[in-house]
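Engineer: Below: one structure in structure tokens.
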Amino acid sequence: MGACLALCSLASCASCLCGSAPCLLCGCCPSTYNSTVTRLIFSFFLLLGTLVSVIMILPGMEEQLQKIPGFCKGSSSIPGVENHVNCNIIVGYKSVYRVCFAMACFFFIFSLIMARVRSSKDPRAALQNGYAFWFFKFLILVGITVGAFFIPDGTFSTVWFYFGVLGSFVFIIIQLILLIDFAHNWNKTWLENAEEGNRNCWFAGLLSFTFIHYTLAFAAVVLFYLYYTQPDACIEHKVFISLNLIFSIIISIISVLPQVQEVQPQSGLLQASLISLYTMYVTWSAMTNNPDRKCNPSLLSLVSNTTSSLAPTTSPGQVQWWDAQGIVGLVIFFFCTLYASIRSSSNTQVNKLMQTADATGAEGGLCQAVDNEEDGVTYSYSFFHFCLFLASLYIMMTLTNWYQPNTTSQVMLSTMPAVWVKISSSWLGLALYLWTLVAPLILTNRDFS
């Protein structure tokens, strides 16, 4: 039901981009809050930019993109350089960098403009929520995007790569926080439904999903050992898999300890199982960036290695544009972006981390954007835009498979630093979830309800 309302609200918001309230499609939708509508539209901007970025790396686009000055010099291949990819290929990845650069700039500017907005009475709140400004905000985003394509190549891609790595590291943590919040609300809602009636059904549902999450996580561990390790090599992978398996078991045990249950009765294995599964995804994503093909059978043909034994066997002109972990990453990103736009959480710890306030449902029969922020904003405008800024960087890194551009040879390199960034983010995320479990036991003088 929540997803249907979200999609309905998004469709309603899209119709308002070129007009003012009331919206043309409002008659079919329930009323909603102004804060929710605004977040949905900005998220729509981000998803639209993501779609454009995906189009940029589709086969057949390279001929059009090469017409842009500074993208690719010389012929379709680079003479004098062995084992380097075709320049027709690299141009798509450079385009993704520029589209995501434009989105990042757009959201970062808004993050600065909206700093310390306390209520809708602030004049800047009209720029955030006002219907009259949406068309102009869209034009600004388009203008920045067009301008980004005329940035001279030089070291732009290399420098922006490091911004992408840092931003993606933080965004992975934010995704984990959103998943913790989602699992908390999920568990709370189903437990409340079980108390109202049909206990066996609701408890069976919770148990089933918990079992599915743990089964998938355990299956992932087995597959990782089979395909991403070797008996006499890949020591890093063995350490990553083993540690994250052990950490997942630890947080699962702690989540059901009597001491934890006493202060957090709604904490349980459902949340721990979902976090464990997400941790295994991040582990998988990290291992797919290992430049050693012996330890990484899913290494894309775009990677260029100087060592012939590690070089891809496919021809430089053939590219596998999509890999499984990238697709899964986009699905998780879409879910988290939508959830961040419509979330209404009672989890105090998560609300503090995400700088949001508790919210209730909107009232009214017809669709209308109800201003619920006259006394105070329900979320930090600045932090929300900063999250979208980080999401833009995460999309850039996901669509380019975290490959590092090399300006001297016009290739994309898979590097170990990308592996360590992802793995360290998984460890930090697990530590953060562990803290949400034990914090009430350690800081007994603080209210975590």
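Count begins at 1; order follows the chain as displayed.
For all residues, glycine too, the Cβ spot is worked out from N, Cα and C.
Remember, it's a predicted structure, so these values are computed and weren't measured experimentally.
So TrEMBL lists these for the protein:
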SIGNAL    1-16  signal peptide
TRANSMEM  36-58  transmembrane segment
TRANSMEM  99-119  transmembrane segment
TRANSMEM  131-152  transmembrane segment
TRANSMEM  159-182  transmembrane segment
TRANSMEM  202-227  transmembrane segment
TRANSMEM  239-260  transmembrane segment
TRANSMEM  324-342  transmembrane segment
TRANSMEM  383-403  transmembrane segment
TRANSMEM  423-443  transmembrane segment
Engineer: Taking a Cβ cut-off under 8 Å, which residues six or more beyond the ends of the transmembrane segment (159-182) line up next to it in the same chain?
Structural biologist: 97, 100-101, 104, 271, 274-275, 278, 282, 332-333, 336, 339-340, 343, 345, 347, 350, 353-354, 387, 389-394, 396-398, 402, 404-405, 417-418, 421-422, 424-426, 428-429, 432-433, 436
Engineer: So, does the transmembrane segment (423-443) come close enough to the transmembrane segment (239-260) to give 3+ Cβ pairs below 8 Å, pairs being at least 6 apart in sequence?
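Structural biologist: Yes; at least 3 Cβ pairs under 8 Å.
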Engineer: Tell me, please, if the transmembrane segment (383-403) and the transmembrane segment (131-152) are in contact, taking contact as 3+ Cβ pairs under 8 Å between residues separated by 6 or more positions?
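Structural biologist: Answer no: the transmembrane segment (383-403) and the transmembrane segment (131-152) share fewer than 3 Cβ pairs below 8 Å.
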